[in-house]
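**Q** Below is one structure. I have some questions about it.
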Amino acid sequence: MQIHLNVKILYLRYLRNNSLVIGIRKAILTVSHTTNRLVVPPRLSTSAIMSSDLDIVKCFEFVKEITLQAGEIFKCKFYADKNITVKTVNWDLVTDVDVKIEKVFIDALSQEFPDHRIIAEEMMGTKQEMPELTDAPTWFLDPIDGTVNFVHTFLHACISVGLTVCKEPVLGIIYNPVTSELYSAIKGKGAFLNGKPICTSKVTALEKAMLVFETTLLKFYTKDRDIYDSRLNTLINNTQAIRSIGSAAMSLAYLARGAVDCVQIDDLKAWDILAGIVIVCEAGGAVLDTKGGPYNIMKPNTVAASNKPLAEELSKLIVDTDLKTRRKRLKRTCKAKDDSC
């Protein structure tokens with residue numbers, strides 16, 4: 001028992017000091033007083049190794065306060081004139097408010113948690129390659145998710161911030177300052193809206209589900225436009241209703257409180273989705289890769305639903321539809337070659 005306790009303490013010390021090598025050396029050199037033998041630390045769960053309730057709660061309370069402070073900037077500028085810059089295409093925008101809010105978070109988190117990493121949308125700029133996700137505590141920040149909505153004073157926009165520890169999402173906050181909705185979750189402690197517990201809907205059949213599918217992104221899929229056009233048509237015919245909200249984070253927040261039943265969005269970034277993943281899962285929902293496999297935080301193609309059977313049904317429908325479209329594409333290609341001959 002003493003050995004197990006010593007090992008756990010050493011690993012928790014790694015969380016605070018971000019010193020894996022020292023932690024492992026100390027753990028391996030822990031010696032039993034009764035047997036005088038060298039002890040290799042037992043394999044502990046991620047939650048036991050890399051987090052304690054006290055540490056995660058401290059992180060949560062701190063970042064919640066920063067989020068509320070940043071929300072005042074968001075709210076004050078929502079209906080005001082904004083300085084707007086186009087980053088890549090006409091719907092990929094950044095405002096002076098995005099930059100200001102991001103700086104508030106980076107300054108505060110860097111000072112409070114100097115050994116934590118931060119990956120933020122505007123910090124990354126137009127870089128295509130995401131940094132490697134490590135075991136170190138890492139904050140993912142989107143200062144305004146739904147910037148186009150924000151520019152047009154369309155209410156579905158928010159601040160989204162989440163934390164991973166040992167590559168695992170452990171907390172998330174999504175805050176819409178204009179509607180005063182703060183969605184939050186800590187892994188293993190449930191999901192909340194303004195402090196009150198929330199849960200996903202009871203819908204289990206796709207035909208009765210309201211689905212969020214971001215139609216604006218169809219402009220982005222020039223190479224695979226036929227894939228996504230077919231996917232959208234199939235989803236329209238197999239769900240009760242489809243909505244396009246313009247914010248991945250808000251879409252997941254609405255899923256967590258049962259306002260929608262499914263979300264399907266591809267080609268996201270980790271800062272778009274991380275906080276929402278924690279909140280949806282803690283509210284009883286399920287998140288899968290679009291193809292039905294394990295979810296990759298750093299390359300998020302997302303199927304999220306109020307429960308796992310519904311997520312699996314949605315994923316299977318998408319996989320089958322994509323396969324049919326690719327077969328049609330192949331037939332067209334073969335026919336074109338035959339005609340040219």
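Note: Cβ is positioned from N, Cα and C throughout, glycine not excepted.
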**Q** Where TrEMBL shows Asp142, Ile144, Asp145, Asp272 binding Mg(2+), which of Glu121, Glu122, Glu129, Glu132 is named for the same site?
**A** Glu121
**Q** For Glu121 (Mg(2+) binding site), which of the three DSSP-derived states applies: helix, strand, or coil?
**A** helix
**Q** By a simple count, how many Cβ atoms lie within 10 Å of the Cβ of Glu121 (Mg(2+) binding site), its own Cβ left out?
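**A** Here the count is 22.
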**Q** Other than Glu121, Asp142, Ile144, Asp145, Asp272, which residues of the same chain sit close to Mg(2+)? List them in sequence order, counting a residue when its Cβ is within 8 Å of the Cβ centroid of the site.
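**A** Those within range, site residues removed, are Leu141, Pro143, Gly146, Thr147, Ser160, Ser247, Ala248, Ala249, Lys269, Trp271.
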